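Residues or ranges marked as substrate binding site by Swiss-Prot: Lys25, Arg69, Glu111, Tyr124, Gln192, Pro193, Trp194, Pro195, Phe196, Pro197, Gln198, Ser199, Ala241. For Cys98, Cys101, Cys116, Cys119, the entry in Swiss-Prot reads Zn(2+) binding site, with the evidence type sequence analysis. The divalent metal cation 1 binding site annotation in Swiss-Prot covers Ala158, Glu178, Glu219. Positions annotated as divalent metal cation 3 binding site by Swiss-Prot: Glu174, Glu178, Glu219. The feature divalent metal cation 2 binding site is assigned by Swiss-Prot to Glu174, with sequence analysis given as support. Here Swiss-Prot flags 125-248 as domain 'Nudix hydrolase', drawing on sequence analysis. Per Swiss-Prot, the feature motif 'Nudix box' maps to 159-180; the stated evidence is sequence analysis.
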Amino acid sequence: MDRIIEKLDHGWWVVSHEQKLWLPKGELPYGEAANFDLVGQRALQIGEWQGEPVWLIQQQRRHDMGSVRQVIDLDVGLFQLAGRGVQLAEFYRSHKYCGYCGHEMYPSKTEWAMLCSHCRERYYPQIAPCIIVAIRRDDSILLAQHTRHRNGVHTVLAGFVEVGETLEQAVAREVMEESGIKVKNLRYVTSQPWPFPQSLMTAFMAEYDSGDIVIDPKELLEANWYRYDDLPLLPPPGTVARRLIEDTVAMCRAEYE
């Protein structure tokens, strides 16, 4: 699937190593390979954006290596492709040897997979399913400040799905563990690949059922009900959390204005 990049090759360039992304001038490189000193590198086409190929090159650059978070303001489709590249680069880097027999592996020519040359085991990129949920109580939404976000941003609750658990069960468990309340009338909204490092966010809306807020201090700094027209600092646009909050606000406006 990969090939050597030639002088006239062009497109978007995802140059990644150890979950970092090359961002010269703070931007995702776009243009001819020669302009970025990429001729002769091995590259894998991982998609297209607006008719232009998106290439993945697994390489460490001396300067301008940053986080994929820095390009979160890109168009959603291009951000997702950049995230795909970072995740694939880390997958190939971390699967050089078979976890069963220890022998060297090689990339498949037909799909994103690594194959063992000895025991024939096949490995695919790992995806960690997560739930994220906006909880409404009359004209208010439950928002929390997470311990990992000490920048004042308040957001909705989220967490990883556990082994042997449905998405619906994960919502109920995470909400109870983090906030101490029960929810009802769960409704699926959308999903979003989230490369931090390899999550797939499944987004829901729910209604408050019962209970008082009792936070898990290992997860949350604080949580509270906020009226739809008096909200704290929110996650940036383009995130699924922001969409859930805005959808909830729209529902409240329609009902209370």
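Quick reminder: no glycine exception, Cβ is built from N, Cα and C everywhere.
When the binding-site residues Glu174, Trp194, Glu219 are compared by Cα distance to Cys116 (Zn(2+) binding site), the shortest distance belongs to Trp194. Note: the CA-CA distance between Glu174 (divalent metal cation 3 binding site) and Ala241 (substrate binding site) rounds to 16 Å. The Cβ of Cys119 (Zn(2+) binding site) has 11 neighbouring Cβ atoms from other residues within 10 Å, across all protein chains displayed. Between the two most distant C-alpha atoms of the annotated substrate binders (Lys25, Arg69, Glu111, Tyr124, Gln192, Pro193, Trp194, Pro195, Phe196, Pro197, Gln198, Ser199, Ala241) there are 33 Å. For the pair Ala158 (divalent metal cation 1 binding site) and Phe196 (substrate binding site), the Cα-Cα distance reads 14 Å. Annotation note: Ala241 (substrate binding site) sits in a helical segment as assigned by DSSP.
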